[in-house]
């Protein structure tokens with residue numbers, strides 16, 4: 001008993017000493033805080049915004065070209081120095097070859113840039129909670145971190161919406177046959193109806209002209225936003241400034257400098273210059289819309305334009321809606337809505353960047369950036385922190401996994417009434433798949449948890465102790481993973497790490513001929529480099545830890561024997577092995593333990609990466625249904641004026657906005673996990689039919705798109721949260737619009753119901769109800785024109801609410817389309 005207590009005490013002291021050393025190192029030697037991570041991510045986030053703006057500019061340049069839909073080899077694109085990973089979104093309708101059009105290439109690049117930006121925002125949301133709780137010595141406190149994240153999110157939402165314009169243009173091109181007039185394999189243009197082909201060419205040339213006119217103002221606005229981001233990062237000290245910029249910042253700037261636009265990021269007065277450039281873009285937008293109306297024979301009453309204002313037709317010569325021909329009216333309205341969406345979203349992005357610049361200048365003006373100070377979390381935040389310790393963490397996976405039935409139905413009455421399909425396996429397609437299909441049922445009959453019982457049996461206890469099988473037992477607990485796909489990856493990775501540890505141990509020991517000082521120095525160098533790998537690639541943390549621990553155990557045991565003597569070292573019953581035998585023993589024990597962990601990940605019941613992917617996809621759809629319901633209620637309350645003052649916590653608008661933010665963040669985190677599960681499915685062996693990975697990837701992409709469009713609808717509808725006392729000159733049209741909407745029954749939760757049904761179907765492996773169809777898009781514009789033909793006329797296109805309505809119409813139509821694809 002005495003020796004047992006002494007050993008326990010010594011073990012406790014060793015653990016406490018290790019934790020104490022790590023605490024001192026993390027606080028004093030290498031103090032890396034969550035605040036530093038957040039600020040580093042903020043700088044990277046500004047770079048991702050610039051990349052998205054560059055991709056958007058390249059996309060618009062493509063739309064200026066007449067050959068935008070001509071096919072070309074991917075090698076041409078690679079030779080230009082632009083590599084890209086294609087997203088297989090429309091896998092059922094696209095030909096998998098290396099020939100793509102310029103529009104397809106640039107659209108995928110734009111989507112990839114926006115996806116990278118959204119993923120980084122999701123990572124920042126995960127770190128912000130811990131960053132706000134930290135005690136720190138710095139310049140920005142917890143409220144500043146929270147404000148910065150909100151400002152970043154306000155930039156992402158309109159910038160993400162630009163992808164919806166690209167998506168709508170792509171679908172419109174397919175509907176109108178633009179994409180069908182591509183070149184064939186031999187370079188010739190397929191023959192078609194000459195009249196239809198002439199019409200297609202005319203429409204394409206019209207879009208080429210529109211995009212050519214939009215190019216310069218968009219380019220100027222993008223450059224202004226890039227400068228605004230640089231200025232914010234410089235002022236908030238998230239980007240290092242050059243000596244020249246520091247010297248410029250110290251020189252007072254005049255109003256003439258602002259008017260001339262010579263100020264650079266970091267200069268005082270830059271915010272005023274950026275505000276002027278944003279207003280210039282808005283004025284250029286007016287001129288372009290005037291030219292568009294002139295080209296269509298429409299006149300904007302009460303406005304003046306630089307281009308031929310006297311040649312506009314008189315108002316009494318225009319009938320509403322725009323054109324007598326419904327088809328022409330519909331085509332021109334779609335064109336107008338798309339132009340308004342692109343301009344409105346870029347302008348709102350500029351406004352969001354300007355808000356970030358103003359915030360940075362305000363922090364510099366109030367003295368926050370002059371010197372560092374001790375930052376202590378508030379009492380309210382500490383209280384929330386204490387409550388979080390004892391609360392259950394939200395894992396975003398409330399739907400239970402894998403409840404599929406056996407499907408023993410003998411009569412086929414259609415897909416919905418027939419035998420239930422396995423959501424993780426396609427029907428066996430060859431002899432091997434049919435033979436291994438039966439193996440999947442073995443796990444139901446096997447069970448057991450006692451894998452270390454050999455340590456307590458009289459016949460095997462000595463062998464367990466002498467051969468150091470305790471190492472293998474520890475590896476079992478470390479190597480066990482939740483899913484089979486990550487188990488295979490972990491087995492291979494950790495075994496490879498132990499092989500490297502064995503080789504490194506030989507190098508450390510024999511390169512200095514076993515001399516203790518040299519061995520310790522080399523152990524430090526190797527350990528330092530390996531921890532650099534852990535920090536740079538967090539995904540390989542466990543592999544790096546096993547590598548480091550294996551080296552310490554091998555080298556440490558040899559040095560221990562040298563210090564305490566052979567007799568005392570072997571007094572515990574374990575024989576002494578020299579390093580050339582101990583290192584392979586360590587490898588064998590680790591490999592054996594990892595093999596046991598690998599086997600028991602599959603047995604008795606394998607939680608595969610595929611079943612986890614399906615379960616989490618069901619949870620994601622369930623959250624998406626919740627998010628749609630919140631967005632629908634928010635938009636309805638804004639249109640009817642029931643939102644209240646969103647600055648007050650008791651108002652309906654504040655509660656809805658808070659709930660939206662929470663669900664949106666959960667969905668982003670869950671989508672990142674889904675993509676990781678999908679990547680790990682490639683590591684799992686397939687028994688029976690092939691796993692339909694392409695289908696699951698397409699479903700994940702649809703969920704991502706619907707989430708972006710819903711967030712865009714919610715963001716655009718904020719334009720209707722208007723207080724007439726703030727800007728009375730803009731209140732008239734919005735008030736009239738609200739009154740008309742109030743007369744319509746716009747309440748519809750069909751999409752909520754459909755998404756909830758899809759969630760249950762995916763999670764439980766059950767079919768959808770028969771004859772289920774996607775809800776038709778709500779034709780709000782058509783119903784409004786029936787009540788008041790002039791409410792959506794061209795005379796109102798300069799109203800901010802009109803552009804917001806165009807954004808909402810486009811995004812809602814895309815949501816309906818994607819819900820239909822989700823059902824298919």
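Here the Cβ of each residue, glycine as well, is placed from N, Cα and C on the backbone.
Checking TrEMBL for transmembrane segment across the ranges 448-468, 469-489, 616-636 points to 469-489. Record note: among 129-153, 154-178, 179-203, 204-228, 179-203 is the stretch given as region 'Disordered' by TrEMBL. Residue ranges 496-512, 649-665, 666-682 are listed, and TrEMBL annotates 496-512 among them as transmembrane segment. Only residues 6 or more beyond the boundaries of the transmembrane segment (518-535), in the same chain, are considered here, and those with a CB under 8 A from a CB of the stretch are 504, 507-509, 511-512, 541, 544-545, 547-548, 551-552, 555, 559.
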